[in-house]
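Feature annotations, reproduced from Swiss-Prot:
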ACT_SITE  51  active site, nucleophile
BINDING   109  substrate binding site
């Protein structure tokens, strides 16, 4: 039988999702826990690999097994052997035709950014950080140039193994969580607040969102006009873009599947995310 799992994790301690020789990865920890619960080797396939330091709110994986277990037994049993920063949220039997990666029609990511004169402490490792005020209107204008199907070579890491740099971005939303009423403007007019950037696309290149974030922040700080984003995109050269932004605030929200698979979506447990 084939089983799908929804998995969440804090990526700070891991060298990304994908299993690597002599490396501490989320996939290695998950498969080790599944193996201990199932008392047999288990191999998983995920919906989307994440880089070192990147978090997962609802990674979806599937695996094949001969064991017959109730869905919640897979949840409880696997979590027993997982470290505290990884958790299986749900388990569900799926048809053999289901494939966590191939059946996903889209993928969603969020980047959470703290704007503050002082670096994050409690949120360290869970949010990105800027100490300059960002121009919301300029950032909104800039990301419009990225919507649709494009060659995203300028935002692709040199180590990217994707066959094609052409991807489609369906949506980029930018929201700001305002500070409490009456709060001071802080240093140099930098009002402490959280920014949330949400991306939805058919697929993403290695470091693509972090490279886009570097450009968005540069434009938000007034270093470049919004039109610079199109210039970078059309250059089709990594050298044209801003430096890769920190992985700390990047979250894989999860894949999007057709209703025919009947899989759970993002859980209310993460409504706290700024």
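The backbone N, Cα and C atoms fix where each Cβ goes, glycine too.
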Next item on the list: Just jot down the residues in the same chain as residue 109 (substrate binding site), at least 6 apart in sequence, with C-beta under 8 A of its C-beta; none if empty.
Entry: 198, 199, 200, 204, 209, 250, 251, 252, 253
Notebook entry, point to check: the residue listed as 'active site, nucleophile' has how many other Cβ neighbours within 10 Å of its own Cβ?
Noted result: 20
Check: What kind of secondary structure is residue 109 (substrate binding site) part of, going by DSSP in three states?
Finding: strand
